[in-house]
Amino acid sequence: MPLQFSHVVPVSCTLLCSTRPSAGRLTEAMLSLLVLTATVLLAAAPQSEAIVIYTGWEKHALVGSDVRLSCSFFSWRWTSEEVTFSWSYRPDGAKDSISIFHYTGGAPYVDNKGPFRDRLEFVGNPARRDGSILIRNLDFNDNGTFTCDVKNPPDIVGRPSSVRLLVFEQVPIQAGVITGAIIGVVLGLLILVVAIYYLMRFLVARRVFSLSMSKHGRKGKGKEGSQQKQASVLVDPSKQKAAASEKKKQESRREKK
């Protein structure tokens, strides 16, 4: 509800204005602007704000097991002592919902004539903004939509949140699990292919390196052999000259004799 001001107290210039007329007019204008801004903000401020309610989207459970249906809320205000939690249930194929639980004044109230009269228990904590309930010994007839509504005065405006309960004899594999498994297999295959690729590159590089080293070794040995042959070729003429001179000396000695 907007705030109404019956009258505005005039501001005396004698207290706020300085000795100079221009400074006094400036101060008076600023104060008028502040008063106007505060008036607009107070008038526009809501007395209650929206409340946001959270539940799961879908819940799976086995026949004969217990299931916890969670409900929490967000509010800008502190949790009120007058906070209320209400749960309703609409069976699959039905048009109307029935009230199965209500929490108010610090006490839980369970419908004593409905399908959950002996199987529903309040397991929430209002101080922590938790209005969860527990349903025991599930049956196929419990399939349906459960709706949670919360009021935290003065925050009472909010959209209820619903969760669908599916009761199975065996909990089916969820699509997310299958998708995750497929993604894991694909990633594993990619990692294996990359590992094989780098291993092959390593082996090929190692083979090329060993071949290049063996070729360099053979070239070195060939160079040494050719150098030895060249050295022998270079040495042979001198040996031939020495042999020729020695032969001439022997012939001259024979002639002298």
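All residue numbers here begin at 1 and follow the chain in the order shown.
Backbone N, Cα and C atoms are what each Cβ position is placed from, and that goes for glycine too.
Because TrEMBL annotations are produced automatically, they should be read as predictions rather than curated entries.
Among the features that TrEMBL reports, signal peptide is placed at 1-50.
Under the heading domain 'Ig-like', TrEMBL lists 46-164.
Annotation source TrEMBL lists transmembrane segment at 177-200.
Per TrEMBL, region 'Disordered' is recorded for 215-257.
According to TrEMBL, the compositional bias 'Basic and acidic residues' annotation covers 244-257.
According to DSSP, the secondary structure content of the domain 'Ig-like' (46-164) in residues is 6 helix, 59 strand, 54 coil. For the domain 'Ig-like' (46-164), the predicted model reports an average pLDDT of 93.
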